[in-house]
Amino acid sequence: MGLQPLEFSDCYLDSPWFRERIRAHEAELERTNKFIKELIKDGKNLIAATKSLSVAQRKFAHSLRDFKFEFIGDAVTDDERCIDASLREFSNFLKNLEEQREIMALSVTETLIKPLEKFRKEQLGAVKEEKKKFDKETEKNYSLIDKHLNLSAKKKDSHLQEADIQVEQNRQHFYELSLEYVCKLQEIQERKKFEFVEPMLSFFQGMFTFYHQGHELAKDFNHYKMELQINIQNTRNRFEGTRSEVEELMNKIRQNPKDHKRASQFTAEGYLYVQEKRPAPFGSSWVKHYCMYRKAAKKFNMIPFEHRSGGKLGDGEVFFLKECTKRHTDSIDRRFCFDIEAADRPGVSLTMQAFSEEERKQWLEALGGKEALSHSFNTAIIPRPEGSINDQGLYRVVGVSSKVQRLLSMLMDVKTCHEVDLENSADWEVKTITSALKQYLRSLPEPLMTYELHGDFIVPAKSGSPESRVNAIHFLVHKLPEKNKEMLDILVKHLTNVSNHSKQNLMTVANLGVVFGPTLMRPQEETVAALMDLKFQNIVVEILIENHEKIFRTPPDTTFPEPTCLSASPPNAPPRQSKRQGQRTKRPVAVYNLCLELEDGDNPNPSKEDTPTSSLDSLSSPSPVTAALPGPPGPDKNHLLADGGSFGDWASTIPGQTRSSMVQWLNPQSPTTTSSNPAVTPPSPGSSAFLFSPPATVVDKPPESVSSRKARAVYPCEAEHSSELSFEIGAIFEDVQTSREPGWLEGTLNGKRGLIPQNYVKLL
């Protein structure tokens, strides 16, 4: 049961029950006062903890902002660049979040702490003062009554009357004070219901605002998060491919370190101990030097270096070699020694000691000694994975090694190549055929894209805008030998078909790049530095697949632009997109818009833009294949391999039926299968060749909608992101529609769909 009401009429009687009710009201107010006091204390602790959390979060954000990744190699991919920038994005996100938290902490002070303190001081404090006065007047009133009643009746009447008047006046004053106190007690009991709860409501409103702001920041961040997930997945895929290559190279070098020495500008280099003579009686000392020798100039460099002293590098010496003489143990009490005389230091002879007899032979050979050292070269075949057109992991799932070897042996043998029926035979699984294809390409004496152009292909993949990369690779493809370009065209067309089925097989353009980058563009020298460029080889293959029609069906522009980075708007052009203080700018990624629009399956023939550049559910790294591809039999093969013949030279020695079969794997509609061999019929549904065949209708660009509009570029623009379009003044865009990105449009230019800055174009 709640508190009983205090009746004003009871103030005059001032009964014991009335006093009990007053004490109950006073006890409740005292409990409320203590509760509010504790609540204010907890609120201040909450504010202090919030500020401490904010300080820690800001420090964490500051640490994220200051860290920068260091990458191996001389360039980074777009994915790695986005990953490097992600820490600053995280830092900005936390900074924005803490700004909202700071606002919330200030609102807690203003909306909760101060109102409660005011209520406690002005309302509950006033009641306490009234209670003191009431208790004091109670004591005074009843003391006066007791004193008055003890007056003797024998007193004069005038004295008694005066006393009666005084008591009555005092009782009236006490009665009025009692009325006011009772009114105040009941008023404060009712007032606390809203003056206490209203600040709590304001406090929670501030909390809800903070969490809502956090939700809005998270929504704004979600677009970037999805893009970053693809960057991370692409980088992980490339890492898995590179790791297997690095481990294989490491194992080969571990087994035969001398067969994998790096090409160097020096004829010989390595560590030698050099004898330094000292005045008697100290004798001589031997100091380790790193020595380098150029035979053409007869220039000898040596730099003292001691690993055990923390890698301290000393001052180097340079001289020109006159002659080198081998020292025998009968002339010096040390093994593996030889003497060097300097042409520019007459009379000065240096005695040096190699680490072993074998290394001494190498130095003697390089410096003009009589003992030669033969070097062998071991070319390794780096296998790759494979699969089936709609099965997950096409070109990643590895075929059985023995079956792959058997198929290759039959195809490369003139006597058995006619017996191979890739379409109707149940002996050859699709994964066996694709593994054989990859091993064949991998085992060519020279990769399909040639050693000569390897470095040229890598350069545009490391820098420049997406448009300039495509133009550069377009130009370089047409510099390939005709046979190589023809085979590359057939292969890339097939891979484009595979990527168009990526929703079923998960082999996106990025995943195919991981598989075929090392196959088509292996470096001439296997080094860790070369393996670090695998990711750029993958990018080159991705560009070939995504731009197959342009690269292989149109002549290249010999004046393709150098890579540039347009970071500002053209003169008098409106800004691309403004950034308000404290707010992140959403990043436009056209690929997501397109993917979302095509989820309903309106387009039965997806173009390359319908497929994301990577899959978040990509397959794990494949198992290595250890079998090597057997070459063509007979002396012709050996001659071509020894002379380093081109792909066209070697391919010309392959039996005609084998070449026909290989082309049929990749391009079932090729005239090779109908004109040169009429007995071969088109692939039937369910056959291996049918799985590789392209769709019946190839969509070059998205179909125009009824409500589509055209637009003309009024400013030139260089794409800053793969989802944007690059264009010159006057370019005409088809199927222009409003994007969900503020300030951007979506349109199609030259068969490619992407984002367009709205203030860069004029609608027609």
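Any Cβ shown, glycine's included, is placed from N, Cα and C.
Because TrEMBL annotations are produced automatically, they should be read as predictions rather than curated entries.
These come from TrEMBL:
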COILED    225-252  coiled coil
DOMAIN    265-372  domain 'PH'
DOMAIN    348-552  domain 'Rho-GAP'
REGION    554-586  region 'Disordered'
COMPBIAS  577-586  compositional bias 'Basic residues'
REGION    598-655  region 'Disordered'
COMPBIAS  612-623  compositional bias 'Low complexity'
COMPBIAS  666-679  compositional bias 'Polar residues'
REGION    666-685  region 'Disordered'
DOMAIN    706-764  domain 'SH3'
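According to DSSP, the secondary structure content of the domain 'PH' (265-372) in residues is 14 helix, 52 strand, 42 coil. For the coiled coil (225-252), the model's pLDDT averages out at 86. Each residue in the domain 'SH3' (706-764) gets a DSSP state, and the totals come to 3 helix, 30 strand, 26 coil.
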